[in-house]
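Taken from TrEMBL as is:
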BINDING   Cys134, His136, Glu170, His194, His398  Mn(2+) binding site
DOMAIN    219-308  domain 'Peptidase M20 dimerisation'
SIGNAL    1-22  signal peptide
Amino acid sequence: MDSSSPWLLLFVSLQLLSGPLAAVVAGGGAGSEGFLERARESEFFEWMVGIRRRIHEKPELGYEEFETSELVRSELDRMGISYKHPVAVTGVVGFVGTGKPPFVALRADMDALAMQESVEWEHKSKVPGKMHACGHDAHVAMLLGAAKILQEHKNELKGTVVLLFQPAEEGGGGAKKMIEAGAVDNVDAIFGFHVTTDTPIGKVASRPGPVMAASGFFEAVISGKGGHAAIPQHTIDPIVAASNVIVSLQHLVSREADPLDSQVVTVAKFQGGGAFNVIPDSVTIGGTFRAFSKESFFQLKQRIEEVIVGQASVQRCSATVSFLEKERPFFPVTINNDTLHAHFIKVAGEIVGPGNIRDRHPVMGAEDFAFFTEVVPSTYYYFLGMQSESGELLKPGHSPYFTVNEDVLPYGAALHASLAQQFLLQRADSAVQSPSEAHSSSHDEL
């Protein structure tokens, strides 16, 4: 056939429109690069900034995020995104896509901290004693940004993206309550993120395997017999007993733990007595313990109680130990799935460039995102850099001087959206290659 034939030109045109070019034409640049460009558009960026600042001005503690939840629902309504509410008191769970499997979840935490903001700026916290000092206001704004991008490309999604706006990350175990409410039933994978001040803007960081430790808290009351400080022989001094307990607790890590198995026991609370010349009847101590494996964590828990009770007894005192599990649930180890790490490297490389992905060293800090690792088949948590190379050093999270470099917002929105979109696309491709296996492992509804 002659290459100038109109039939050949028509055939080539149809092939191009039915292939990759069609997706670009239909989606207006549906790839990862297009997502970041969209999030950086002036109107889109200012919209995210406005959301973040509104949340920052009215910080709410765990399970009290009523106004934040209302803001989230209002924005989802404007986008035409369906959702469930309330979930775990104030949580919101949105849905974008087909409503059918596979299901991939994106999570942002919403709660603030009980501390006074010391940063003087136009949008400073208007609630005395409460502050968004960990970036959760930015997390919500970025997840809403991701939701907006995904909704604009909903017809291209090969499954359903579940949007988790979670309450009470700061010690309240909000993720656990979301799980109990069924928020991640049938979810195949989940992604979480956190802004960080120790990484430059435009760079991201993570690693496969354990990334954050399991954590728990303990409190002990050591009881003796009070009396005058000048006649200690007529007392049973709980302060001396508590001091011996604290020293002995340090030996759990230095003498009992494998040096290559990172663990921490810290006593950060010591309350006893109110006068210079009176030995009190009792002393209260408290602290935290951390480990990178479930076995090590529960071994530490057991030994903490044994040491406190035993050392108190040596000093003729009695002791009661509480691990405060109802108020402060134990956090599991946060573990990144190896396959999702490869997925993250690929997608993040498209968004920020391969040279802007950093390996994240494991830290002894904890994150209740870890609860999802116990019920969702594949989980992944990553960090978004905020530090400007030209600006002053940002203060770390949980500081009254903590600030957010709002230039991070487009990166979080685009990366979260792209991770979900491409995960669903890969699952769809796998289903085509192995339909029987995909059908047997999928679920009919969320």
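Backbone N, Cα and C atoms are what each Cβ position is placed from, and that goes for glycine too.
TrEMBL: automatically predicted annotations, no manual curation.
Just so you know, of the binding-site residues His136, His398, the Cβ with the fewest other Cβ atoms around it within 10 Å is the one at His398. Of the listed binding-site residues Cys134, Glu170, His194, the Cβ environment within 10 Å is emptiest of other Cβ atoms at Glu170. Mean pLDDT for the domain 'Peptidase M20 dimerisation' (219-308) in the predicted structure: 97. Sitting within 8 Å of the Cβ centre of Cys134, His136, Glu170, His194, His398, and not among those site residues for Mn(2+), are the Cβ atoms of Asp109, Asp111, Leu113, His132, Ala133, Gly135, Glu169, Gly397.
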